[in-house]
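Feature annotations, reproduced from Swiss-Prot:
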ACT_SITE  His43  active site, charge relay system
ACT_SITE  Asp88  active site, charge relay system
ACT_SITE  Ser182  active site, charge relay system
DISULFID  Cys7-Cys141  disulfide bond
DISULFID  Cys28-Cys44  disulfide bond
DISULFID  Cys78-Cys232  disulfide bond
DISULFID  Cys120-Cys188  disulfide bond
DISULFID  Cys152-Cys167  disulfide bond
DISULFID  Cys178-Cys203  disulfide bond
DOMAIN    1-227  domain 'Peptidase S1'
CARBOHYD  Asn23  N-linked glycosylation site
CARBOHYD  Asn79  N-linked glycosylation site
CARBOHYD  Asn99  N-linked glycosylation site
CARBOHYD  Asn148  N-linked glycosylation site
CARBOHYD  Asn229  N-linked glycosylation site
Amino acid sequence: VIGGDECNINEHRFLVAVYEGTNWTFICGGVLIHPEWVITAEHCARRRMNLVFGMHRKSEKFDDEQERYPKKRYFIRCNKTRTSWDEDIMLIRLNKPVNNSEHIAPLSLPSNPPIVGSDCRVMGWGSINRRIDVLSDEPRCANINLHNFTMCHGLFRKMPKKGRVLCAGDLRGRRDSCNSDSGGPLICNEELHGIVARGPNPCAQPNKPALYTSIYDYRDWVNNVIAGNATCSP
């Protein structure tokens with residue numbers, strides 16, 4: 001996160017650190033939405049993945065940190081791996097549920113559509129340098145605003161005129177999500193309204209907001225998968 005501050009240690013109990021499973025390279029963020037389920041971006045998918053819950057600093061370990069791996073992964077488009085504009089979402093069923101603790105608790109899905117102009121909060125362990133990847137040891141948090149979708153249309157090549165994505169950022173270019181923040185939460189009104197999908201290169205440019213997968217638009221799919229009514233798993 002560019003231009004953010006270290007998150008309060010108690011404000012990100014739902015934030016998940018996603019690692020490549022073989023060499024423990026940090027990949028992305030994710031969000032705990034249920035004791036057994038995590039939501040993240042599809043482009044964060046790797047053959048092997050490890051997920052860490054209750055983490056603050058990567059270099060320190062809390063007593064209540066928990067590690068899990070995917071039991072099953074669900075995508076919107078069953079037999080495809082290529083990411084498209086508005087389907088950058090993945091549900092992960094954990095190998096076993098996590099337990100709520102001082103530093104671990106799920107975040108609610110949105111009950112209403114997001115409102116343009118809303119003050120929202122983005123967080124993650126991603127790059128704190130807009131031009132070269134310098135990952136943060138602790139999660140950084142920044143306040144950004146939701147903008148009209150048309151503001152993002154045209155900023156990204158081949159982007160459709162409509163899509164299930166949110167456009168959010170600081171138009172002065174001071175605060176933004178960045179590389180390796182992907183899959184992490186965009187929180188508005190204390191609900192999960194978006195997950196980091198993609199943004200301008202370099203990050204945090206004036207009048208160039210980033211794109212977030214709109215969770216409200218996938219709410220039914222998420223609930224159906226969790227209820228066992230969907231079979232879209234590779």
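We number each residue from 1, going along the chain as drawn.
Note that Cβ sites are derived from N, Cα and C of the backbone, with glycine treated the same way.
Cα of Cys44 (disulfide bond) to Cα of Cys120 (disulfide bond): a span of 23 Å. Among the disulfide-bonded residues Cys141, Cys188, Cys203, the residue whose Cβ has the fewest other Cβ atoms within 10 Å is Cys141. Under a cutoff of 8 A between CB atoms, and with a sequence separation of 6+ in the same chain, the neighbours of Ser182 (active site, charge relay system) are Ile27, Cys28, Gly29, Thr40, Ala41, His43, Cys44, Gly126, Ile195, Val196, Ala197, Arg198. When the recorded positions Asn99, Asn148, Cys152 are ranked by how far their Cα is from the Cα of Asn229 (N-linked glycosylation site), Asn99 comes first. Close to Cys167 (disulfide bond), meaning Cα to Cα within 10 A, are the following recorded positions out of Cys7, Asp88, Asn99, Asn148, Cys178: Asn148.
According to DSSP, Cys152 (disulfide bond) is assigned to a helical segment. When the Cα of Cys152 (disulfide bond) is compared against those of the recorded positions Cys7, Asn99, Cys120, Cys188, Cys203, the shortest separation belongs to Cys203. Near Cys188 (disulfide bond), with the C-alpha within 10 Å of its C-alpha, lie none of the recorded positions Asn99, Cys141, Asn148.
According to its DSSP assignment, Cys141 (disulfide bond) is in a strand. Taking Cβ-Cβ distances under 8 Å and a sequence separation of 6 or more, the neighbours of Asp88 (active site, charge relay system) in its chain are Ala41, Glu42, His43, Ile195, Ala197, Arg198, Thr213. Of all the recorded positions listed here (Asn99, Cys120, Cys141, Asn148), Cys141 has the Cα closest to the Cα of Cys178 (disulfide bond). In this structure, of the disulfide-bonded residues Cys44, Cys178, the smallest number of CB atoms within 10 A of the CB marks Cys44. For the disulfide-bonded residues Cys7, Cys28, Cys120, Cys152, Cys167, the greatest number of Cβ atoms within 10 Å around a candidate Cβ is found at Cys28. Packing around Asn148 (N-linked glycosylation site) is summarised by its Cβ count: 11 other Cβ atoms lie within 10 angstroms of its Cβ, all protein chains included.
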